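K.L.:
One structure, as structure tokens, below. Some questions next.
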Amino acid sequence: MASITLTPSEKDIQAFLEHYQTSLAPSKNPYIRYFLKLPQATVSIYTSGKILLQGEGAEKYASFFGYQAVEQTSGQNLPLIGTDEVGNGSYFGGLAVVAAFVTPDQHDFLRKLGVGDSKTLTDQKIRQITPILKEKIQHQALLLSPSKYNEVIGDRYNAVSVKVALHNQAIYLLLQKGVQPEKIVIDAFTSAKNYDKYLAQEANRFSNPISLEEKAEGKYLSVAVSSVIARDLFLENLENLGRELGYQLPSGAGTASDKVASQILQAYGMQGLSFCAKLHFKNTEKAKKRLER
């Protein structure tokens, strides 16, 4: 199902509503000003000014605002910002988010370097090529440490909204550097509807439309670059945290994490665990139970 997010002017929004007023429908979402049920598409107009179009006819109605669809096969042939995050599924370590700006003339260089989805590259290869990428590619990297992560989760953010905030901030800061992308792609970690809902609470905003696409790291080199740099940043953070505590911290959230967590808990208490791990994971309770044996 096609999903398009736009930020048109209020004048264009009102013109759209007038044109399709017979399709207005009620919505229980407090963040939605207007909701329209159209043939082959739904349109949600949010209080933030964003518009979300979903359905097979999304592109048709988006054209009302001047939107022009880009064929998937030619998507690479545009100057793009792509974002990705690493660390979301790991108990230990922070959450790394990177936005990278890649132009078509950089594609050959990136392919020769071996850039692809970081999930298909060895950690050794990632550590090897990341310094080159950081030097050659305009990017913005953000790292939310475990201690800061634990501070904001359950207070202002949840596991999804904190990623929305980081992706948005990385893109915002990269745009501030003067790059001019024709498209912005986020490796989808939630629905466009959820993304826009959580985006409403963020202060830093930009007018460029974004596209959330599943497995985008395999479609766009800009997302692949972000994936690689983010993986390197996460691994570096994992090593540094482990070095400070005197433990080798495993990536992931399996039984190895439970074992190390129980050792850290015994040695340093919850304060030590909060320093290096995301406490809302189930591993925390499993580590406590290990100490009770």
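Just so it is clear, glycine is given a Cβ too, placed from its N, Cα and C backbone atoms.
Annotation source Swiss-Prot lists divalent metal cation binding site at D84, E85, D187. Under the heading domain 'RNase H type-2', Swiss-Prot lists 78-293.
Can you walk me through where each of these features ends up in the structure?
P.N.:
Just so you know, the Cβ of D187 (divalent metal cation binding site) picks up 24 other Cβ atoms within 10 Å once every protein chain is counted. Under DSSP, D187 (divalent metal cation binding site) is assigned to a strand (E or B) in the three-state scheme.
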K.L.:
Hey, for the divalent metal cation site built from D84, E85, D187, who else sits with CB inside 8 A of the CB center?
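P.N.:
Near the divalent metal cation site, beyond D84, E85, D187, sit T83, V86, V97, V98, H167, I186, F189, A216, E217, V223, S226, S227, A230.
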K.L.:
To which of the binding-site residues D84, E85 does the lowest count of other Cβ atoms within 10 Å belong?
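P.N.:
Comparing Cβ neighbour counts within 10 Å for the binding-site residues D84, E85 gives E85.
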